[in-house]
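A.B. asks: Sharing the feature lines straight out of TrEMBL:
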type     : residues : note
SIGNAL   : 1-19     : signal peptide
DOMAIN   : 1-435    : domain 'Major facilitator superfamily (MFS) profile'
TRANSMEM : 76-99    : transmembrane segment
TRANSMEM : 111-132  : transmembrane segment
TRANSMEM : 138-161  : transmembrane segment
TRANSMEM : 173-191  : transmembrane segment
TRANSMEM : 252-276  : transmembrane segment
TRANSMEM : 288-309  : transmembrane segment
TRANSMEM : 315-334  : transmembrane segment
TRANSMEM : 339-357  : transmembrane segment
TRANSMEM : 377-399  : transmembrane segment
TRANSMEM : 411-432  : transmembrane segment
Amino acid sequence: MVVTAAFIGMFLAPGITNSYGVFEEEYEKLYSNNGTSPESANSSKTSLSPAIAIGAVHLGSNYLFTTIAGVLCERIGMGITTLIGGLMVGAGLFAAGFCTKVWQLVLAQGVLAGAGIGTVFIIVSTIPTSWFSKNQGFLIGVVHAGSGVGGLVLAPLTRFLINRYGLSGSLKILGLILVSGISIVSMGMATKPDELLDQEDQENIDMVASTDDCSSTSDHKVASLAKKRMSVRSFGVRHVHSTKGVLRSQEFWYLNIAVMLAEASFYVVLFFLPVYSIGIGLTSEQGALIAGVANGATIIGRITIGYIADLAGNINMFLITHIFVTTSCFFLWFPAKSFIVMIVFACTFGLFAGSLTPMVPLCSVTLFGQNGLANNVGLLGIGMVVTTSGAPVIARLFYEKLGQNGAGYGTVALFCGGIYLLATLSILALRICVSRNPWVKI
C-alpha cells in the first residue's frame with residue numbers, strides 16, 4: 001500500500017513538472033510572440049523567453065522546499081506534510097488559471113506549485129526504504145518510475161485539456177485533480193517503526209535458533225546480520241548522529257555536488273530535446289517522439305538500475321550510470337544529425353540518467369542510514385535550487401545567441417556533457433572516499 005501510494009504521488013507531483021514543456025509552448029505563444037504589450041513584443045526579440053523564467057523558478061522552488069519539507073517531516077509527520085504539499089500544488093495551479101501576466105504565473109505556478117511538488121517529492125521518494133530491508137533499489141525504482149509514467153500521461157492530457165478548455169481552464173482542472181489525488185496519497189504516507197523492524201529481526205534470530213541443526217556458529221552469524229541491519233537503519237557506513245554530523249562529512253559534499261550538477265543537466269536535456277531536434281532539421285513530430293522516448297526510457301531505467309543496485313551496490317551503480325550518461329552526451333548527442341542517432345541517444349540517456357532520482361535516497365541510506373532520510377535528502381536540495389534554476393537559462397542563452405548558425409545546438413550538448421562530467425568526477429571521489437577497493441559492494 002505504501003509503495004502504491006508513493007507511486008501515485010510521484011505520478012502526480014513530479015509528473016506534472018515533467019509535463020511543463022506543454023505549458024512552455026503555450027507561454028511562448030502568449031508572451032513571446034503575441035506579448036501583452038507593444039513593449040513586451042519588441043523586447044521579446046532580444047531577451048530570454050518569459051516561459052523560461054516560469055520554469056526556472058518552478059524548479060528552484062521545487063528543490064528549495066525539499067529541504068524545508070525534510071525538516072517538517074521530522075516535526076509533524078509525513079502524512080500531514082504530504083497533505084500540505086498537495087494543497088500547495090493545487091492552489092498554485094488553480095491560481096495560475098486566473099493569471100494574466102508573467103510575474104503572476106511565476107508566483108503561482110513557479111513558486112507555490114513548485115514548492116508543493118518539492119514537498120510531496122521528498123516524502124514519496126524516500127518512504128519505501130523504511131518498510132523494506134531487502135530489494136530497496138528495485139522498490140525505489142518502481143516508485144520513481146511513477147514520475148516518468150506521469151510525464152507520458154499528463155503531457156498529452158494537458159494538451160487535450162488546453163485544446164478543449166483553454167490554458168486557464170486546464171490549469172484549474174489540473175489543480176483540482178492534483179489536490180484530490182495527493183490528499184488521498186497522504187493517507188498512505190507513514191514510516192515503518194524501527195521497533196517493528198527490530199522485532200522482525202529478533203523473530204528471525206529466534207526461528208533459526210529453534211531449529212535442530214542450528215549451531216552456535218549459525219546463531220552468531222544470524223545475530224550479527226540482524227545487528228548489522230539494525231545498525232544500517234540508524235547509521236549506514238558513516239556513523240553520524242545529527243544533521244550537523246551529516247553536513248560535516250565530506251561524503252555528503254561529494255554527493256551534494258554530484259546531485260546538484262546532474263539534476264540540473266537532466267532537466268536541460270529533457271527541456272531542450274524537442275527544440276534541439278528541430279534545430280538540426282528534424283520535424284516537430286520527430287522532436288516530440290524523441291522526447292517521449294527519453295521519458296519512456298527513464299521508466300525502464302529506474303526499475304532496472306534499481307534492481308541491479310541491490311546486487312552491485314548503490315554508489316557503484318551511481319558511478320557507472322553517470323559514466324554512460326557523460327559518454328552519450330559527448331559521443332551521441334553532440335555529433336547527432338539524424339533521427340536514428342537522436343533516438344539512440346534518447347534511449348541511452350533516459351535509461352541511465354533517469355536513475356538519478358532513485359539513486360539519491362539509496363546512496364543516502366548507504367552513507368548515513370535510514371533514520372532522518374527525508375531530512376538528509378532534503379539537504380541536497382539547497383544546492384539544486386541554484387543549479388536547476390540557472391542551468392536552463394544558460395542553455396537557453398547558448399541556444400538563442402548561437403543557434404542562428406547552428407552552433408548553439410552543439411554548445412548545449414557540450415554544456416550538458418561538461419556538467420555530467422563534473423558530476424561523474426564527484427561521484428568517483430565519493431566512491432574512493434568510502435572505499436578504495438573497486439570490488440567492494442557499496
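Glycine is treated like the rest: Cβ placed from N, Cα and C.
Keep in mind that this is a model prediction, so the values were computed, not measured.
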A.B. asks: Hey, does the transmembrane segment (411-432) touch the transmembrane segment (315-334), meaning at least 3 C-beta pairs closer than 8 angstroms, sequence gap 6 or more?
C.D. replies: yes
A.B. asks: Against which stretches of its own chain does the transmembrane segment (377-399) lie, if we need a Cβ under 8 Å and a gap of at least six residues from its ends?
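C.D. replies: Cβ under 8 Å, 6 or more out: 48-49, 52, 55-57, 59-60, 62-71, 118, 122, 125-126, 243, 246-247, 252, 255-257, 259-261, 263-265, 267-268, 271-272, 275, 279, 360-361, 364, 408-409, 411-412, 415-416, 419.
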A.B. asks: Looking only at the domain 'Major facilitator superfamily (MFS) profile' (1-435), report the model's average pLDDT.
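C.D. replies: Mean pLDDT, the domain 'Major facilitator superfamily (MFS) profile' (1-435): 81.
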